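Chemist: Swiss-Prot feature annotations, pasted as is:
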TRANSMEM  33-53  transmembrane segment
TRANSMEM  77-97  transmembrane segment
TRANSMEM  103-123  transmembrane segment
TRANSMEM  148-168  transmembrane segment
TRANSMEM  206-226  transmembrane segment
TRANSMEM  262-282  transmembrane segment
TRANSMEM  303-323  transmembrane segment
TRANSMEM  355-375  transmembrane segment
TRANSMEM  404-424  transmembrane segment
TRANSMEM  428-448  transmembrane segment
TRANSMEM  464-484  transmembrane segment
TRANSMEM  493-513  transmembrane segment
Amino acid sequence: MKRVLTALAATLPFAANAADAISGAVERQPTNWQAIIMFLIFVVFTLGITYWASKLVRSRSDYYTAGGNITGFQNGLAIAGDYMSAASFLGISALVFTSGYDGLIYSLGFLVGWPIILFLIAERLRNLGRYTFADVASYRLKQGPIRILSACGSLVVVALYLIAQMVGAGKLIELLFGLNYHIAVVLVGVLMMMYVLFGGMLATTWVQIIKAVLLLFGASFMAFMVMKHVGFSFNNLFSEAMAVHPKGVDIMKPGGLVKDPISALSLGLGLMFGTAGLPHILMRFFTVSDAREARKSVFYATGFMGYFYILTFIIGFGAIMLVGANPEYKDAAGHLIGGNNMAAVHLANAVGGNLFLGFISAVAFATILAVVAGLTLAGASAVSHDLYANVFKKGATEREELRVSKITVLILGVIAIILGVLFENQNIAFMVGLAFAIAASCNFPIILLSMYWSKLTTRGAMMGGWLGLITAVVLMILGPTIWVQILGHEKAIFPYEYPALFSITVAFLGIWFFSATDNSAEGARERELFRAQFIRSQTGFGVEQGRAH
């Protein structure tokens, strides 16, 4: 039976995202037993790790940050595993398959945010915080308001990501494995809850590390086989691809994805600063022992991800040659079976046969599990640590805080499953773009200015943060993706697809204006505390260190 996957085009603008979704109507496929067996091996192995981790999780520090005992190299792999999703793998290779060189340019947008994290954020974040980025933002500002804002920003980003990820998981698994959509969503939700509930950050970290190794191995093998086919010559690779692609030499020309400079700038800023405001990524810097290891984490993560994106570029061009030119992978209408996002999966079959196809399918599923586990832990910590322990019940014991965290994991898991089922046939591609815009417009400005600007006050952070968050949401709703494609209006009120340029500007201006005009005694006290914060951020004096179990 031929595979039919329609309506994938709508997801391509965000397909390269680290947590994007595969959306559209999917026809259920014959059961892929090789893929299911390989995935079951992965599940059994990772559940064994979760059991091992559960024996070591004795405290709040163990649960949230694995006791701070993850090394820089391990954390770098885990960050890469958290950031590289199934849609990142399938989406970027699909963009290269359809658009050529533009696919590489688009993928770089997700990479350029990491030098910002390396040079501006990683060390100071580790020296100032313990469990969440709200620890840093509220270091010298009023705990209650800042933690509520930070938690809201985190939970909105996590919720949008989780919905996109769960729907993407259901669609992808239905396509690759032949499993029922609802079964797939429930399976992902249950496994996600088990990893986080029992193993905490330690189990989540190792699931992400294993997934990163498997994905990098699979992508490396595919790229190697493609290069072997062309005699390890990039000249031959590009020449053969241009010879068979419908666009010919145009696939080597940039500029086809984004139509105007404003959209290009807004997209770039959203990707760059959004990465530096993602709660599940920032949380990973508290799992290492000190600022030096945090810096090494970013160094290794950037290397792994840069290597991965180079591989997807080769895989995309390989798919043009070995898949696009092969009628075996086309339907009766001449379109790629399963849609363009299946280009890498078909290439896996072309270079490694059915067994390797099963392996890549299992890796795609494992990838989803690793990402949703990190998201769930970030959401749970925002509720239990930021809201419960520091706002609603100050002085709560570690045991009470952990209990609230685990209850939150269960609630988030159930909500994710329910929303995954409800959004089955909805266009959810915009959710990822909105999550990035909110992270860039609310979380990032507050984190950056709280660490670097001595005149920041609680009033400025609150007004600017809320303005950035609301502006991002409103402009996204009024833009072409939601206002026209989803709500059905003829013309968008806000003409640009990506709101980040405007919402980030509003956030920074709001923070500056309301801080500069804050003449209160509280504001003066917060400015005076900057020097002590600066010393702590540079030296790490007083920071909670990793400890041996």
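The first residue you see is number 1, and the count goes up from there.
Even glycines carry a Cβ here, placed using N, Cα and C.
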Chemist: Quick test of the contact rule: Cβ under 8 Å, at least six residues beyond the ends. What residues does that give for the transmembrane segment (303-323)?
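Modeler: Beyond its ends, the transmembrane segment (303-323) has Cβ neighbours at 76-77, 80, 83-84, 88-89, 92-97, 100, 103-104, 107-108, 110-111, 114, 212, 215-216, 219-220, 222-223, 225-227, 229-230, 237-238, 240-241, 244-245, 251, 329, 336, 343-344, 346-347, 350-351.
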Chemist: Spell out yes or no: are there three or more C-beta pairs under 8 angstroms between the transmembrane segment (355-375) and the transmembrane segment (33-53), with each pair 6 or more apart in sequence?
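Modeler: The transmembrane segment (33-53) and the transmembrane segment (355-375): touching, yes.
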Chemist: Against the transmembrane segment (206-226), which of these stretches has the most C-beta pairs under 8 Å: 77-97, 262-282, 464-484?
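Modeler: It is 77-97, which has the most Cβ pairs under 8 Å.
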Chemist: Given pairs 6 or more apart, does the transmembrane segment (77-97) have at least three Cβ pairs under 8 Å with the transmembrane segment (404-424)?
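Modeler: They do not touch: fewer than three Cβ pairs between the two stretches lie under 8 Å.
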Chemist: Return yes if the transmembrane segment (103-123) and the transmembrane segment (493-513) have at least 3 CB pairs under 8 Å (sequence gap of 6 or more), otherwise no.
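Modeler: Answer no, regions not in contact.
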Chemist: Per the definition of 3+ C-beta pairs under 8 A with sequence separation of 6 or more, do the transmembrane segment (464-484) and the transmembrane segment (262-282) touch?
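Modeler: As far as Cβ distances go (cut-off 8 Å, pairs 6 or more apart), the transmembrane segment (464-484) and the transmembrane segment (262-282) do not touch.
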Chemist: Between the stretches 148-168, 262-282, 404-424, which one has more Cβ pairs under 8 Å with the transmembrane segment (493-513) than any other?
Modeler: 262-282
Chemist: Against which stretches of its own chain does the transmembrane segment (148-168) lie, if we need a Cβ under 8 Å and a gap of at least six residues from its ends?
Modeler: 19-23, 85-87, 132-134, 137-138, 185, 188-189, 277-280, 368, 371-372, 375-376, 378-379, 382-383, 386-387, 391, 412, 415-417, 419-420, 423-424, 426, 428-429, 431-432, 434-435, 438-439, 442-443, 446, 461-462, 465-466, 469
